[in-house]
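What TrEMBL records for 317-330 is compositional bias 'Polar residues'. Positions annotated as region 'Disordered' by TrEMBL: 309-337. The transmembrane segment annotation in TrEMBL covers 14-36, 71-95, 107-128, 134-153, 160-177, 183-202, 378-399, 406-425.
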Amino acid sequence: MESGSVLETIGQEIIGVMAPVSVCMLLVVLLVYTVYNPSSSAASATTIRTAANLVYMESPTDSTVQKLEGAILNAVVFVVIITLVTFLLVLLYYYRFNNFLLYYTRFSVFMIFSAMGSSILISIVQRFNIPIDAATFYILLFNFTILGTISVFSDGIPIIVKQSTMVVLGIIVAAWFSRLPEWTTWIVLVALALYDLAAVLAPGGPLKLLVELASSRDEELPALVYECRPNVGRNSGARVSNLGLFVAAGVGMSSDNHNGSVELQDLLRNGERGTAMEILQGEDLVIPIDENDRASGGEIEEVREEAGEMAPLMGDGSSTERGSSNSGRVDNSRLSRRTEREGIEMEDFNPRGIKLGMGDFIFYSVLVGRAAMYDLMTVYACYLAIISGLGCTLILLAVCRQALPALPISITLGVIFYFLTRLFMEPFVVGASTNLMMF
């Protein structure tokens, strides 16, 4: 597909990605601002120990140099752990331990909903003094955990339910990481942006290897990703985005030839030989035939030969010979016109939409969650910076046509705008307002 047709639908793709990211950040901000704010008297506001602060626990009495050194050490250890785990994931996937990876991912999601989710729910109950007994609480938690885990991995539920569950998953983890010490949070975010850049784009990067391996096998990535499937109706014609997987999640592009093969095979199975003739007539065609469907493949060859004999006059009116040269592909515009006439949804033939790694959801939200512990003006500035960076990444994706890291641009802009707002804009606005210089 030409780049122009991609840019025509980039607005829809941007909205489809930015809407859930915005919802995730908004809910994390509300949760942090009301429950985990340092000014809150909630007992849960204490610092927790995670993989991001294994080495150094920040203390208010430490000097600036100690905090900086400890935060850098924490970030280095965290990035090393992530790198080793990702390479282990690549190794297991390379040797096709797919079942192990699937069960491990399910177990991780179950633990996030049960352990981290219960901690957040308890904090909310304590903060707002919600009257609930222990038995009811654990029954609700059990149902929430089981239904959440099933929604993430089940294929028999509506896509909106799965998307909503993935957003809730990101909120839980982001709210948990927002309780990290301030210096550790900022250094870890910068370190993760640099790691994401190297892991996706550098030769031999773990995420790059994983993406290429999944693409070569035409399989789903063994990771948690948010899928944004474009809802393209029958009136959209052939203007279908083909962006594939997005950022650190890989590129899984559907083949036009494959779509044509499946379409023609379905027509022949249903006895619609005349419609198949109409599509093939006047076209040079090369169709990959499934190994499991040789019968329909042979029938396609017969239909193609008949269509070649009935080829109309083309170009300047001279007859065009078919011969044995099959160098073209299925004309997707013909498929689009036929689906419009027969009322078949184009969504069945669309390539997969954008996919955004859950890590991007989480660390975007961690950044604005940390900003929420200062003031809402800083939150607003960080939100605009992150969304702008995500939009720039999406546009680059449409142009470059390959997997791109989503963290570097957004995190860099978010960190810069946080400190600019906190150090310059907020004192200026507050000072001007208190002196009645602006209203």
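Counting starts with 1 at the first residue shown.
In case you wondered, yes, glycine gets a Cβ from its N, Cα and C as well.
Note: TrEMBL annotation is automatic and uncurated.
Note that the coordinates shown come from a computational prediction; the quantities given were computed from them, not determined experimentally.
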Which range out of 14-36, 183-202, 378-399, 406-425 gives the transmembrane segment (71-95) the most CB pairs under 8 Å?
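Of the candidates 14-36, 183-202, 378-399, 406-425, 183-202 scores highest.
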Could you give the residue numbers and ranges of same-chain residues that sit at least 6 residues beyond the transmembrane segment (107-128) on either side and whose C-beta is under 8 angstroms from one of its C-beta atoms?
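For the transmembrane segment (107-128), the nonlocal Cβ contacts are 31, 34-36, 40, 42-44, 137, 141, 144-145, 148-149, 152-153, 169, 172-173, 175-176, 224.
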Hey, does the transmembrane segment (183-202) touch the transmembrane segment (406-425), meaning at least 3 C-beta pairs closer than 8 angstroms, sequence gap 6 or more?
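Per Cβ check, the transmembrane segment (406-425) touches the transmembrane segment (183-202).
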Is the number of Cβ-Cβ pairs under 8 Å between the transmembrane segment (378-399) and the transmembrane segment (134-153) three or more, considering only pairs separated by 6 or more positions?
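Contact between the transmembrane segment (378-399) and the transmembrane segment (134-153): absent.
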Counting Cβ pairs closer than 8 Å, which of 134-153, 160-177, 183-202 has the most of them with the transmembrane segment (14-36)?
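Most contacts with the transmembrane segment (14-36): 160-177.
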